[in-house]
């Protein structure tokens, strides 16, 4: 399999605090990788470094074989790596539709037009298709601040996917979403991801979600990766059970929902 | 070019203003000319406010526009009003392209204070320039329009009023389109969430840079028209109180519509004129109370009166 993302001895220090220590990761094209770990384990730091939000103290990051060290978030996005956030990053004074239209315009060109209208018929039609694809068409004209958390998360992820990225990093896509909504949300996201043929890496605290959707798990603890492998093996690992997941009863394994 | 309802309304209002100019007294024409010219500067302030930046130094470009028109006639033999105004905008664009490289790295109070600093630097330079009249400034040379020289006094006043109205209309239509275009909407998106804009693959800094330069050009046009109307330029154009006045008018009008700065500038001019007339020693207090009332009762500016009316909302 072809490697899409590779980190070599990636380190991040905040003064005396080591947030990431010698992270060596290889993600192959088409994989769906789950990142688990307790709070402060370095999961979000890892995503932030890979997407250019944080500058690593040392190490190397390669995307499609090319170094992206020191690249800006926009350059990394343009290179084909998109992300969503723990707290959905949207434009709060715009409607859901307009949020998507802005994302569509950004995907079309890095230099927005000075005079041609942003809300073109073509963009509105495409945005409506996306609303349907993500099941949020009922919120078309609502301000994003007025829609439920789950819908906001979906809009955030939809905006990240609009630029047709090769890889998508999701930072806790189900955080703040009710237990009942989690599966629906993840099913919607994973269906969209499959259609776009995107490699996915997502941070998740809910082990049921991890078991259900990923093909591989990276377990973080105190800035280091303590286990890397198939979900069943990683979640059964004694060190992972001691330090990350606790001694939870194991559930059935499955790769992807309907 | 298809015009929408707003653009047609703006065109009709501009036509009404030009016709009104033929029957109104000279003092009113002058007052409206200055108000509309200042409204153009305020449009520049509002463009930046929409992107989340407040410029306390827009007087810089107002002054550049005015002084370029004045110096063009005085030192370089440029007497044609359109050429002089265009040159003023060009100089402002060049200056904004240089300053914008630094300024667009900053946000919030840092941007506001840096913009003010550059304006005050120009003020200081002009005050020390004996060749440009120091604190007194200098008079603007008689100007022509495509070779035609309007007669001094009422003729000149009426011509510059018409030019200001036409310039205001062109700028209003362009800004109306700009606010609905990619860069206009995405500049608002930068104000709302810069991180998301960056992760959509766009550079907030370059968007703000483009916006800053465009705002400078519009403001310089206002400065040039003021110079033509008053026939005089002086360093006060770059002084911090002048820039503060533009922010005052921007807040008075609100960001809701391209017409708001024009309405606010006219209201401001009338309030100030009559406040000076009736309470000459405390007119600033009247302006202060006016702004206080607007902030408390109309936090979205005077335009919210119109938008409430449209949506049927009660105050």
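Count begins at 1; order follows the chain as displayed.
Using the three backbone atoms N, Cα and C, a Cβ is placed for every residue, glycine included.
Per TrEMBL, the range carrying the annotation transmembrane segment out of B:53-76, B:197-220 is B:53-76. When each of B:12-41, B:53-76, B:246-271, B:283-303 is checked for Cβ pairs under 8 Å to the transmembrane segment (B:158-175), B:12-41 comes out on top. For the transmembrane segment (B:53-76), the partner stretch with the highest count of Cβ pairs under 8 angstroms, out of B:82-102, B:109-127, B:246-271, is B:109-127. Spatially, the transmembrane segment (B:246-271) is adjacent to the transmembrane segment (B:12-41); three or more Cβ-Cβ distances between them are under 8 Å for residues at least 6 apart in sequence.
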